[in-house]
Amino acid sequence: MLTKTKKEEKEFQKDSTTRSYWITTFGCQMNKADSERMAGTLEKMGYTRADDELNADLVLYNTCTIRDNAEHKVYSFLGRQAKRKHKIPSLKLVVAGCLAQQEGESLLRRVPELDLVMGPQHVNNLENLLGKVDLGNQVAATEETFISEDITNARRESSICGWVNIIYGCNERCSYCVVPSVRGKEQSRYPNAIKSEIQKLADDNFKEITLLGQNIDAYGRDLPGTTKEGRKENTLTDLLYYIHDINGISRIRFATSHPRYFSKRLIQACYELDKVCEHFHIPFQSGNDEILKQMSRGYNIKKYKNIIDNIRSLMPDASITADAIVAFPGETEQQYQDTLKLISDIGFDQVNTAAYSPRPNTPAAVWSNQLSEEVKKTRLQEINALVEKTARNRNQRYINNIESVLIEGLNPKNSSQIMGRTRTNRLTFVKIPKNIQFNFSLGDEIDVRINEARPFSLTGELC
């Protein structure tokens, strides 16, 4: 049980001008970007960041519901905070994100100590919602809405690499995925608003930006305008050309892509635009066509392989990463083996893996051919072993190469090393030389000779 001393309780009840907050983020990059914006809103309101959640006047959990283990963590955290609120009634408890959208008012009934439950579409309305809480209301904001253009300065976790949302929501209907029901329909931001945000990051000495979207290749489908060739006027490809020449930004990334919409025109743009990094995250989910059909993914393995071939024909050293699900309902041993074969055939740099987890309000959740937990565990262990082996083999190609590394900071586990990432998004540790003068700043790009490769990181020395 969380307890406070009398001194701590007195300190907690200090003047409201020194209110503090704590945000815990679960899940994807979109959630991380949302949390940065909510932190910016809170600081605009006069809150300061607490040193830990036990000292915060407001605690916010930005949640994920893509798998059930993420939900269990949230409820565990909420249980501890609910006990704390019984001792400190002025404590504000907020749940944001996908779990909040999924559960809505039922979450308020399950955890009555909560003050505010808000879905992802309401991130930019946090200040107004907290105003309602201050009037004594318990608030649930989960109705579908147009996402207002964010005018709040985000509190960025990095001073070098910035997230930039370009499209919200998802119109796909994958049979296993809860995202469309909790993130809403696709809503693209206008190019000029995106460019303005990136320009502000450049003015603040950011060097790298990552464009974000649940289905980023869908960017612009909902915006007006059609070219004389009959395609949409504003696409991800067009946006890359539009933002490429912003001075100060040296690296551009984007995620997450959908194979159904990954075009040759986009690949050509990535090849031509030297700021766009040679790293592509393109989930395949299964290596079997029948399972892909059951998943309602809208492509087959031949199409997926063609995309990878087209990328590597122009950028042979490009990093290819992906997502995969094992033990989908009805998946046979042979269909599972097809997934392992695809990983071996393509040679991914990394694959994020998960055993299938039934999610509320998705078609696959109610199918009768669910696989056992034992099968899920076995297949997940096997695929993870293969992914690690493949990643280790892929990273061997960097040995003795000279790679450009963007410095992000000191290695928190080894103060004699700095750390950063290559253009292909390989985490790289660099030993700080003792026998020569070496001055560096965050955001510098340095040439590093790679001398050690592990499955998910590299180590090297200054050239």
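Glycine residues also receive a Cβ, built from the backbone N, Cα and C atoms like all the rest.
Note that the structure is a prediction, hence the values are computed from the model and not measured.
As annotated by Swiss-Prot, domain 'MTTase N-terminal' applies to 19-135. Annotation source Swiss-Prot lists [4Fe-4S] cluster 1 binding site at CYS28, CYS64, CYS98. Annotation comment: Swiss-Prot describes 156-393 as domain 'Radical SAM core'. Swiss-Prot lists CYS170, CYS174, CYS177 with the feature [4Fe-4S] cluster 2 binding site, giving sequence analysis as the kind of evidence. Marked as domain 'TRAM' by Swiss-Prot on the basis of sequence analysis: 396-463.
Everything Swiss-Prot records as a feature, shown here on the structure.
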{"residue": "CYS28", "record": "[4Fe-4S] cluster 1 binding site", "Cβ contacts under 8 Å, 6 or more apart": "CYS64, ILE66"}
{"residue": "CYS98", "record": "[4Fe-4S] cluster 1 binding site", "Cβ contacts under 8 Å, 6 or more apart": "GLY27, ASN31, THR63, CYS64, THR65, ILE66, GLY119, PRO120, VAL178, VAL179, VAL182, ARG183"}
{"residue": "CYS170", "record": "[4Fe-4S] cluster 2 binding site", "Cβ contacts under 8 Å, 6 or more apart": "CYS177, VAL179, PRO180, ARG183, GLU186, GLN214, ASN215, ALA218"}
{"residue": "CYS174", "record": "[4Fe-4S] cluster 2 binding site", "Cβ contacts under 8 Å, 6 or more apart": "GLN285, MET295, SER296, ARG297"}
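Sequence-ordered, the extra residues of this chain that approach the [4Fe-4S] cluster 2 site, with Cβ no more than 8 Å from the Cβ center of CYS170, CYS174, CYS177, are GLU172, ARG173, TYR176, VAL178, VAL179, PRO180, GLN214, ASN215.
Taking the centroid of the Cβ atoms of CYS28, CYS64, CYS98 as the [4Fe-4S] cluster 1 site, the other same-chain residues with Cβ within 8 Å of it are PHE26, GLY27, MET30, ASN31, THR63, THR65, ILE66, ALA70, GLY97, LEU99, VAL179, VAL182. Mapped onto DSSP classes, the domain 'MTTase N-terminal' (19-135) shows 66 helix, 23 strand, 28 coil.
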